[in-house]
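Below: the structure, in structure tokens.
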Amino acid sequence: MNINRPADNPIVLPGMRVKTSERPPPRRVHGLSWLPPAMRNHIIAMLGEFTGTFLFLFFAFAATQVANTAPPSSQKPNVAVLLYISLAFGFSLAVNVWVFFRISGGVFNPAVTLGLCLIGAVGWIRGFLIILTQMVGAIAAAGIVSCLFPGPLNVRTTLGPDTSIVRGLFIEMFLTAQLIFTIFMLAAEKHKGTFLAPVGIGLCLFIAELAGVYFTGGSLNPARSFGPDVILHTFNGYHWIYWVGPALGALLAVALYRLIKALEYETANPGADFNKPDAEVFYPDEDPGAGRRGHHSSGYDGTTEAYITPHAPTITLPTPSSTGGHLNRSRLQSIAGQTASEYSTSPDHRSHHSLGEDTYNKAPGAEEGNLGLPR
């Protein structure tokens, strides 16, 4: 799809002449220039969270309404129905997180917001504002579904047969902890696969729903349970578990995250974000005829295994014959901001390895507000 640069016109109707300019459009909307930058950012985040929470829960509620509509024989929900609900929530979350990730972070869940505030990825003022917005978005989604679809609204979260309140509380806690920890590691901790985080988050909710939807309704989200109950004016005596359970799950996820950060989890599997193109950058073969410093062993696929130091991981590099000459060093400038000559004149390969570690270690963590949300 060919997407042109947005027009300068506030709105473009058929027959209107499109106005474009090379000068970037003003950042502020006319009439709102009096807003302080911090207030403007809060409003943008609140708008994104309201719209995202509404869309996420609207499609999920709609699918749940369809699945829970009893057939003429009044059969109980079966495995196909539970799978349908789980897929609806998982895919709805994945799509809307991907859409709103760059606007507000794509949280849509007060329990997740609490966890992000606790690790410092979101400021407490921002967190309080978007939690309120998430609750309003959930109520709006439940209300619209109730009006659009025939029959009474049937998307509430309730305990299943033989599921006690205590058991339901801990089911919600552990399932929510899994979801929040997934968000910490895929979205808050920046890595090469961060842009795919919405897929992993959606799949995580999908498997959590598979495990819990029959027993507790699979809430994992206070807003998800609160919205339908407000519309129906019905609150069970155990409604509190859909608040306390996810909150405890957030605390559990934060504790696990803090533990692995204190243990420097990056050092346990240092090659997780290190692939062959990076090896070409940080360990270039300077003299193809003389070979590399260190030990080499030829592989059956035309590659060379280089053992740089006793403590460094084994890295498989292409040989000059397999690459058609010298290795491509054009990416040296983009990785660490240095020129190719600075790497090629390095005295030994230990410096290359330490440079890679320094570059990785200098990346901000989630506790430094690494989610991309302004305070």
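Here, residue 1 is simply the first one shown, and the rest follow in order.
Backbone N, Cα and C define each Cβ position, glycine as well.
Here TrEMBL flags 334-346 as compositional bias 'Polar residues'. The region 'Disordered' annotation in TrEMBL covers 276-305, 334-375. Residues or ranges marked as transmembrane segment in TrEMBL: 43-67, 79-101, 107-125, 132-153, 165-188, 195-220, 240-260.
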- Long-range Cβ contacts under 8 Å made by the transmembrane segment (240-260), restricted to residues 6 or more beyond its ends, are 109-112, 114-115, 118-119, 157, 165, 168-181, 184-185, 216, 219-222, 224-226, 366
- Message: Please report, as numbers and ranges, the same-chain residues at least 6 past the borders of the transmembrane segment (43-67) whose CB is under 8 Å from any CB of it.
- Response: 35, 77, 81, 84-85, 87-89, 92-93, 96-97, 99-100, 103-108, 126, 129-130, 132-134, 136-138, 140-142, 144-145, 148-149, 151, 153-155, 223-224, 227-228, 373-374
- Item | Other parts of the chain folded back onto the transmembrane segment (165-188), taken as Cβ under 8 Å at six or more residues beyond its ends | 101, 105, 109, 111-112, 115-116, 119, 121, 159, 194, 196-197, 200-201, 204-205, 208, 211-212, 215-216, 218-221, 238, 241-242, 244-246, 248-250, 252-254, 256-257, 366, 370-371
- Please indicate, using numbers and ranges, the residues of the same chain that are 6 or more beyond the transmembrane segment (195-220) and have a C-beta under 8 Å from a C-beta there. 82-83, 85-87, 89-95, 97-98, 101, 106, 109, 111, 156-160, 163, 167-168, 171-172, 175-176, 178-179, 182-183, 186-187, 241-242, 245-246, 249
